[in-house]
Amino acid sequence: MEQLLRAQLHTTTLRAFGSSGGGCISEGYAYYTDSGPVFVKVNRRTQARQMFEGEMASLEALRNTGLVRVPKPMKVIDLPGGGAVFVMEHLKMKSLSSQASKLGEQMADLHLYNQKLREKSKTRQNTVGCGAEGAEPQGVTKFGFHTVTCCGFIPQVNEWQEDWPTFFTRHRLQAQLDLIEKDYADRETQELWSRLQVKIPDLFAGIEIVPALLHGDLWSGNVAEDDQGPVIYDPASFYGHSEFELAIASMFGGFPRSFFTAYHRKIPKAPGFDKRLLLYQLFNYLNHWNHFGREYRSPSLGVMRKLLR
């Protein structure tokens, strides 16, 4: 692999440093190169290129806002024996602590970014002498993303939809439940789902949802800080409801209260927030069930029952 990296990165220097690491899905290695330190993720699954290309597109979208700090993505490279590697900027990070409040503010700004773009675009169109065309981005009007992304190793369809409940039900919940049906044929899950899915539109009654660019997998293992401030990484981005982002952040710990306080100063909770948060947590429990097995069956069904009360 090192010979491949030297050739693809056009570097004479390739010296490993630090300890190898990674998460549940991929291995991780750090190297010094002629152009500076890089972090290399390695995955030998057949769909590794698709997974890494989705992550690269997500990092680029987040980075282009100028509102949050992410590692600069560099290159996805196929491995000769199957799988792929993803090369990105190496950042010397530590666990999120003193920068939690700042990250809350930055995530709120990120979630408001597309709305502000759309408002600017409308203003330009309504101004005499200003056409709709121009170099400035116009803002996104639908829910989805321009490419497949993976939350963990599961590919997510991001086909554009006009309304959020349709997108979320079809491309997030139903997609996860189809995998559970295939692998477990769990009758109780299907019975609860048949009752729940007809109630989902009611949870969104009376609220306006503007597509927001999301990180898509904002748990504590995907956030950190360094000397310059907060850092987020390992995204599975798409344009969705801003509240979706907070579900996994509130599930497994690691985010101080200051994060949520700072966030909600900029984006207050809308009516029905708590019940929708449960709905978004359901997606994450189902995704964990599909990744890690039946230990996540009980919390998945528990959330479904709560939503049916």
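The backbone N, Cα and C atoms fix where each Cβ goes, and this holds for glycine too.
Taken from Swiss-Prot as is:
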| type | residues | note |
| --- | --- | --- |
| ACT_SITE | Asp217 | active site, proton acceptor |
| BINDING | Glu89, His90, Leu91 | ATP binding site |
| MOD_RES | Met1 | N-acetylmethionine |
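This view paints the features noted in Swiss-Prot onto the structure.
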residue : record                       : Cβ within 10 Å
Met1    : N-acetylmethionine           : 14
Glu89   : ATP binding site             : 16
His90   : ATP binding site             : 21
Leu91   : ATP binding site             : 17
Asp217  : active site, proton acceptor : 24
Other residues, Cβ within 8 Å of Glu89, His90, Leu91 Cβ centroid (ATP site): Pro37, Val38, Phe39, Pro71, Lys72, Met88, Lys92
His90 (ATP binding site) to the residue listed as 'active site, proton acceptor' - Cα separation in whole Å: 20
Alpha-carbon spacing, Leu91 (ATP binding site) to Met1 (N-acetylmethionine), which is rounded to whole Å: 22
Cα separation, Met1 (N-acetylmethionine) to Glu89 (ATP binding site) (Å, whole number): 18
Cα separation, the residue listed as 'active site, proton acceptor' to Met1 (N-acetylmethionine) (Å, whole number): 29
